[in-house]
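Some features that Swiss-Prot has for this protein:
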type     : residues                                                                : note
ACT_SITE : Y139                                                                    : active site, proton acceptor
ACT_SITE : K177                                                                    : active site, proton acceptor
BINDING  : F10, I11, D31, D32, K38, K53, E75, G76, A77, C78, S79, K143, V169, K177 : NADP(+) binding site
BINDING  : N168, S179, H186, F200, E201, G202, A203, R213, Y281                    : substrate binding site
Amino acid sequence: MIIVTGGAGFIGSNIVQGLNARGITDILVVDDLTDGHKCLNLADADIHDYMDKDDFLRRVEANEDFGPVEAIFHEGACSSTTEWDGRFVMAVNYEYTKSLLGWAVARKVPLLYASSASVYGMGPTFRESREFEHPLNMYAYSKFLFDCHLRRFAPGIDSQVVGLRYFNVYGPREQHKGSMASVAYHFHNQLNDSGRLRLFEGADGYGPGEQQRDFIHVDDVVAVNLWLLDNPGVRGIFNVGTGRAQSFNEVAHAALSWHKGSTAGGGIDYIAFPEHLRGRYQSYTQADITALRQAGYEGEFMPVEVGVPRYLEWLALRD
C-alpha cells in the first residue's frame, strides 16, 4: 500500500492520479474533508481507502500499523502563507511531520514530504543550504524548521527520506485553494469573467508584471515524486522547480494567447501593489536544480508557454 497524505488536495490528488496511471490503486488517502469540495479531486481516481487526518495521526502517534506500506507521500499541510496562527501552523506542519517521520523511519518506509521554496524568503539564491534560508512567514518557518530537524537526524536514518521544496506549482485540481490558487488559475477565471487580467504594479525594482517566479506544472512535480519512488537510494532535500524564472507577464500572455478569440478585450490592468505584502513578497524565485540533476533526475520541465495552455485546456473542459 502507498499512503498519500493531503491526497484530496492539489499536489496529493495529482500524485494519486500519477500512481493510477501506473496501475497502482492500493492507495490510502489521508485528508481533512471539512471542505467537501475537495472530494471532486478524487472523483475519477481509484483508491483502496480514505482516512481522516486526525484519525491517521492518532494511529501514527500510537505506533499502530497500517499493513505493508511501500511508501508515504506526505503532502498534507496548512499551505496558506497568510496564516499567522503559529500554534496551529506548527502543529499541522511541523509536529505532524515529525510524528510521521518517526513512524516511517522505525519501519524503514520511504517518506517523501512536501517542503517549500518559501523557506528562501527574498532570495536571491535558491539553493538547498542553510545560509540561503530566510523564511518570512509562519508557513515558511514551519517548513524550514522541519527541514532543519531532518538534517540533524539524517545521518542516523537508513531509509529514504526526501524533502521536496516546491516552487510555484500550477495545474489541475487546485480550484479548492481559493485565493491561494495559482495565477494561471485566476487569470483563466478573470478572462472568462471580464476578458481582462489584473496584475500587480512594479515592486522591489521590477516593472509592472515583471516580478519573476519559477512556475512549475504539477505534472512535472508528480514526475519528480514518482522518480524518487523508483529510486529509494536518493535522499535529502531537493528543489523542485524548472530552474528558470519567468515573469507574471509571461504567464499572462500565455493565458491571453490561449483565450484569443474566445473572450472580449484581452488587456492587462496593473493594480497597486498591496502595502501589507511589501517586504514579505517573493518578487523573484528561481530554483537551483543542480542537486536534483546530480541525483540523477533527467526529466524536462515545461515552460509556461507550454504548461499554461495545457492547464487551460483542462480547465475549459470543466468550465
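For all residues, glycine too, the Cβ spot is worked out from N, Cα and C.
Cα separation, Y139 (active site, proton acceptor) to S79 (NADP(+) binding site), rounded: 7 Å.
Neighbour density around each Cβ, counted as other Cβ atoms within 10 Å, peaks among the binding-site residues F10, Y281 at F10. When every Cα pair among F10, I11, D31, D32, K38, K53, E75, G76, A77, C78, S79, K143, V169, K177 is compared, the largest distance found for this NADP(+) site is 23 Å. Under a cutoff of 8 A between CB atoms, and with a sequence separation of 6+ in the same chain, the neighbours of E75 (NADP(+) binding site) are V4, T5, G6, G7, G9, I11, G12, I15, Y113, A114.
Cα-Cα distance from H186 (substrate binding site) to K38 (NADP(+) binding site): 18 Å (rounded to the nearest whole number). Fewest Cβ neighbours within 10 Å among the binding-site residues D31, E201: that distinction goes to E201.
For S79 (NADP(+) binding site), the nearest neighbour among the recorded positions N168, K177, A203, Y281, judged by Cα separation, is K177. In this structure, the C-alpha atom of E201 (substrate binding site) lies 37 angstrom from that of D31 (NADP(+) binding site).
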